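If you check TrEMBL, you get these features:
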| type | residues | note |
| --- | --- | --- |
| SIGNAL | A:1-30 | signal peptide |
| DOMAIN | A:48-127 | domain 'Cytochrome c' |
| BINDING | A:Cys61, A:Cys64, A:His65 | heme c 1 binding site |
| DOMAIN | A:143-221 | domain 'Cytochrome c' |
| BINDING | A:Cys156, A:Cys159, A:His160 | heme c 2 binding site |
| TRANSMEM | A:241-259 | transmembrane segment |
Amino acid sequence: MKALSQKRRHPMAALALLVMALLLTGGLYAVATTTNEAKAETTTYSAQDIEEGQKLFQSNCSTCHGMKAQGTSSGPSLIGVGASSVDFQVGTGRMPMQMQGPQAQVKPKQFNEEQTDQLAAYVASLGAGPTVPDAKDVDIADGNSANGAKIFLANCAMCHNAAGQGGALTRGKYAPSLMGVSEKHIYEAMQTGPQNMPVFNDANITPDEKRDVITYLKTLDNNTTVGGFSLGSLGPVSEGLFIWTIGLVVVIGFTVWLTSRAA
Amino acid sequence: MSTSTDFEYRPTTRTGRIANYVDTRVGGSSIVKEFGRKIFPDHWTFMFGEVALYSFVILLLSGTFLALWYDPTMTSMEYKGNYVPMQGVEMSGAYASTLNISFDIRGGLFLRQLHHWSALLFAMAVAVHMLRVFFTGAFRRPRELNWVVGCVLFILAIVAGFSGYSLPDDVLSGNGLRIADAIAKSVPVVGTYISMFMFGGEFPGHAIIGRLYIVHVLIIPALILMMIVIHLFMVVVHKHTQFAGPGRTENNVVGYPVGPVYAAKAGGFFFIVFGILAAIAGSTTINAIWNYGPYDPSPVQAGSQPDWYMGFSDGGLRLMPGSWPFSWEINLFGLAIPLAILLPLIPMAGMFGAMFAWPWIERWVTRDNRVHNILDRPRNAPFRTAVGAAGVTFYAVQMIAASGDLIATHFHVAVNDVIYWLRALYFVGPILAFIIARRFCLALQRKDREIVLHGRESGRIQALPHGEFVEVHEPLDEYRRYKLVDFQDHQVQPARANAKGKITAGEKVRGRLSHLFFEDRVSPVTPAELEAAHGHHEPEPVAVGAGSHASQIEK
Amino acid sequence: MGDHRDGNPHKSGAVVTSDGAELDQFPDPGLPPHRPRMTDVDSKAAKRAEHQVVLLFLLSVIGSVIFFVAYFGIRVDGPLYDAVNTEPTAQLRLQNLLLGLGIALGMFGIGIGVVHWARTLMPDHEIVEQRHDLRPESERAEAQSILNTIYDESGVKRRPLLRNTLIGAAVLMPLPFVGLLKDLGPTDLKVLRHSMWDEGVRLVRDPSGTPIKASDVTLGSAFHVIPENLTSLGHEEGYLNEKAKSVVLLMRLDPDKVNVSEGRKDWNVDGIFAYSKVCTHVGCPIALYEQHTHHLLCPCHQSTFDLTNECEVIFGPASRPLPQLPITVDSDGYLVARSDFHEPVGPTYSQRDFAVKDMQDEAN
């Protein structure tokens with residue numbers, strides 16, 4: 001400890017402290033932003049599913065959406081939103097919402113796959129709506145990533161960023177990152193337009209095109225970034241920040257060494 | 001020339017023979033005589049100009065390689081290269097060749113990243129070097145003109161960067177050009193024509209990439225090179241500045257000779273800068289243009305920003321409210337004037353103007369027209385440091401505003417709130433920075449005084465016989481002490497009447513500025529004060545300064 | 001050039017230095033004594049430093065070798081960024097990394113080695129060099145007299161006509177070169193007015209070019225739209241120029257929630273609205289549509305437009321609402337334009353208000 005307290009006056013002490021602080025915040029940030037994945041299989045629903053779903057719904061969702069999913073002042077009607085919407089909202093942990101806010105956040109799932117299916121079955125029974133896509137719809141082996149890139153850049157990149165990293169919307173809302181999101185959930189999001197996202201129905205982006213978009217996103221997701229560290233794929237801001245922090249510190253380190261007297 | 005009649009020089013060594021051969025044909029002895037043992041002072045803050053110079057050299061090298069494969073054409077073609085998500089897509093030759101450099105030329109990706117990272121480092125090094133020169137007062141007589149050359153270089157660096165950033169013809173840089181087009185069009189009357197001339201007609205046209213290319217690879221580099229030559233020539237003429245210290249006076253330079261020490265260090269540093277950039281370029285992605293796609297006026301991406309050196313202009317545009325409290329588009333004699341674009345440009349232009357003129361502004365306020373070869377420590381010129389801090393803050397607020405949307409997503413706040421706060425900071429920030437920086441400097445100066453008067457804290461606690469504990473202070477040796485006391489402080493220069501006995505309006509302004517800058521100041525310790533401090537155990541507070549609020553130095 | 005640092009009693013007089021500084025200055029103690037380095041006194045340390053430098057130079061050689069190993073040794077076999085086969089992308093990344101690290105090591109070896117050499121083995125005695133006056137006064141006077149002689153001998157002073165005609169000619173001479181720049185671009189601003197939208201032009205999806213039925217546009221959806229006649233335009237015929245003016249965003253809103261002004265009652269189809277995607281601020285595409293708040297947001301400068309109020313600006317730097325494209329349905333049920341925009345799209349230019357007036361006259 002004594003040695004340490006003596007060295008605190010060393011000219012490099014501030015620098016060392018800064019580097020340590022940067023590493024610490026970077027590390028914490030990396031830990032804090034690890035995403036969790038969710039996956040579920042689609043099935044057809046039995047009457048029992050619907051019944052179970054209704055029970056789950058009434059005990060977990062009715063506070064906001066009403067006993068018959070007719071909607072209240074604090075939550076929209078779910079009649080006609082379809083199984084796809086439920087599978088997305090509940091399957092990604094967005095619903096049930098923790099609290100009212102600008103938009104529902106992704107968080108650990110509250111229900112397992114079976115319960116999610118039951119909820120979806122119940123809501124689907126209330127009115128016709130988009131169904132959960134089956135595995136064939138989202139099989140990237142059949143997709144065309146070049147076409148997907150075109151559609152993604154024209155329809156999605158303005159909110160979700162060209163590399164699918166997400167971006168800001170008005171007044172605290174945001175478009176989330178698409179990295180690490182399952183194929184099915186991407187498909188469902190396009191189909192149902194969760195939160196403030198516009199709906200991209202099959203007339204706008206056909207099912208084949210949706211699969212192409214997913215293929216492109218999975219291409220970005222599966223492949224490493226060729227250039228090295230991606231810096232979050234956020235573009236010039238993170239690059240500028242990099243050169244002004246790490247770049248500058250390294251350069252200063254060398255200049256200090258270079259101009260100091262050898263012992 | 002060495003071949004004089006009355007003295008025959010006979011080289012005795014091999015080096016001597018080579019030198020003689022060269023000198024008798026092209027001359028050169030005088031250059032060696034002038035530079036061979038020229039003295040350069042050593043301080044880590046003096047190295048940023050070199051960083052800038054070296055990154056420029058690396059830019060020239062990597063840029064030459066890129067030019068071998070880059071094709072500055074906007075003619076459309078179908079991409080057939082190695083990058084799957086763009087295969088079959090219609091794109092300009094410029095974009096296709098940039099993809100080829102990245103994915104089909106071996107090592108091309110490295111060269112592209114090296115070039116772009118060097119550009120960021122170049123602009124940063126220029127900026128940091130300028131800040132160093134500003135905060136240490138190195139721009140003062142006789143170096144005012146070199147400061148101006150440096151300012152021109154900073155602007156050239158920005159233009160070089162922007163023109164290069166646009167060359168890949170991707171969506172991100174295309175939207176940048178679209179903004180440049182709109183800014184050109186916002187200029188009253190002639191702006192529309194300027195835009196039409198720039199783009200060869202309507203935006204985006206087929207001309208702009210070729211034109212930017214010639215600007216980027218010929219005109220701007222040539223200008224930069226010319227300015228660098230002038231800049232370095234003046235450095236040689238003026239000799240380098242140095243910090244105050246024992247043995248260092250206004251009339252000498254203390255340091256290491258060019259040959260061998262300085263040449264070795266500076267030469268080695270080139271390789272080090274290259275090494276740093278190569279390591280970054282190999283390991284860290286920059287400008288992944290394949291993500292953005294070929295330029296098309298329809299798409300855009302979240303987080304559309306320019307490179308950092310253009311950030312301040314983008315941020316200025318973001319901060320200006322366009323329709324609050326009323327529409328900022330006015331009609332003057334039938335001409336539409338978009339004030340929402342023009343107004344934020346005016347303070348920016350003002351800041352750059354003040355930057356160019358600062359040596360003369362400072363001279364006017366301080367009435368100090370002497371030659372200065374000794375640098376100020378920033379704390380010893382509180383007024384200048386405070387002005388610089390205000391300027392940096394003004395710049396930084398706008399630069400931060402350019403990343404408002406990313407701040408919003410990463411810190412989970414509303415982008416609108418970020419903008420509201422930054423709008424307030426745009427006005428308040430520089431004032432706060434001025435006050436805080438000045439107080440900081442004055443406090444540090446007082447700390448220096450205290451160290452000179454009472455020595456350094458040793459960290460050793462001693463118990464006195466009567467039970468009191470005191471920390472032992474070690475007195476400074478004379479060299480360290482001289483470092484802390486060898487500076488000049490400026491006093492308020494009140495407005496004075498001119499020869500006709502009148503105080504002009506300009507003089508009044510000067511007097512007021514002088515007051516603002518120098519009313520609080522801390523003088524260097526004098527031997528008498530040191531004597532007094534040693535004489536008494538507990539010296540009385542000493543009043544210093546002649547200003548209205550002479551600062552109190554307290555034990 | 002008097003200055004107190006020289007110990008010269010004459011002061012420049014430009015500034016009053018601190019109170020009585022003259023009497024009360026610490027004397028300059030001169031350069032501190034030279035402190036020898038380890039390598040100066042210990043020949044072993046010097047030898048060690050020499051070895052370190054040699055080692056660093058050898059590291060540089062290794063760096064160059066790494067470069068060539070990476071350049072020739074790593075194969076990128078296959079297309080990059082394939083959805084399934086991710087191996088080539090990883091190979092390219094590795095190659096890029098090793099190329100960079102190889103060169104970096106090569107550079108660092110030389111750079112750090114040379115600097116280490118300079119720091120430890122070259123003399124580190126500080127040397128004092130005197131500055132001299134930039135230009136002695138005698139030289140300045142001499143130069144001035146030379147200039148005067150040149151001036152006199154040239155006759156510029158005595159023959160003013162000669163001088164003035166030369167000035168006149170020299171001022172005019174560069175103008176042809178300025179004039180040559182005239183054809184950098186056309187000067188007819190009319191091109192900025194019209195887009196390819198016209199009566200009966202179908203709205204088609206960007207980029208696929210398929211037409212859109214009114215029934216396709218369900219509540220909450222957003223279509224990125226271009227005019228159908230644009231799709232047949234080649235790149236060389238100004239495809240991007242026309243696209244830059246004609247991109248449109250198509251959305252369906254609940255008609256009850258929208259305020260429509262008197263003149264625009266028939267510009268929408270049952271709550272399907274079409275607005276120019278080009279921001280009125282500096283021209284970025286406004287493509288961020290929030291289906292519940294009905295806000296359109298520009299990702300470049302965060303201008304926010306309220307769809308329910310004919311795209312009036314509610315936040316950000318834009319000053320004008322987005323131009324609306326009047327639309328209707330044709331006999332096949334496809335959405336078509338009723339006319340072109342009634343004003344030039346995109347950012348303001350000085351002559352814009354004249355264009356607006358003409359275009360509105362045309363439309364009515």
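Every residue, even glycine, has its Cβ placed from backbone N, Cα and C.
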Non-site residues, in chain order, whose CB comes within 8 A of the mean position of the CB atoms of A:Cys61, A:Cys64, A:His65 at heme c 1: A:Phe57, A:Asn60, A:Ser62, A:Thr63, A:Gly66, A:Ala69, A:Thr72, A:Gly75, A:Leu78, A:Met95, A:Pro96
Residues from A:Cys64, A:Cys156, A:Cys159, A:His160 facing chain B - binding-site residues, CB under 8 A: A:Cys159, A:His160
Cα within 10 Å of A:His65 (heme c 1 binding site) - qualifying binding-site residues among A:Cys156, A:Cys159, A:His160: none
Least surrounded among the binding-site residues, given as A:Cys61, A:Cys156, A:Cys159, when other CB atoms within 10 Å are counted: A:Cys61
Binding-site residues (A:Cys64, A:His65, A:Cys156, A:Cys159) in Cβ proximity to chain C, threshold under 8 Å: A:Cys159
Inter-residue Cα distance where the pair is A:Cys64 (heme c 1 binding site) and A:Cys159 (heme c 2 binding site), in Å: 28
Chain-internal residues near A:Cys64 (heme c 1 binding site), provided their CB is under 8 angstroms and they sit 6+ positions away: A:Thr72, A:Ser74, A:Gly75, A:Pro96, A:Met97
Neighbour tally for A:His65 (heme c 1 binding site), based on other Cβ positions within 10 Å of its Cβ: 23
A:Cys61 (heme c 1 binding site) versus A:Cys156 (heme c 2 binding site) - Cα distance in angstrom: 30
Integer Cα-Cα distance in angstrom, A:Cys61 (heme c 1 binding site) to A:His160 (heme c 2 binding site): 29
DSSP helix/strand/coil residue counts for the domain 'Cytochrome c' (A:48-127): 41 helix, 2 strand, 37 coil
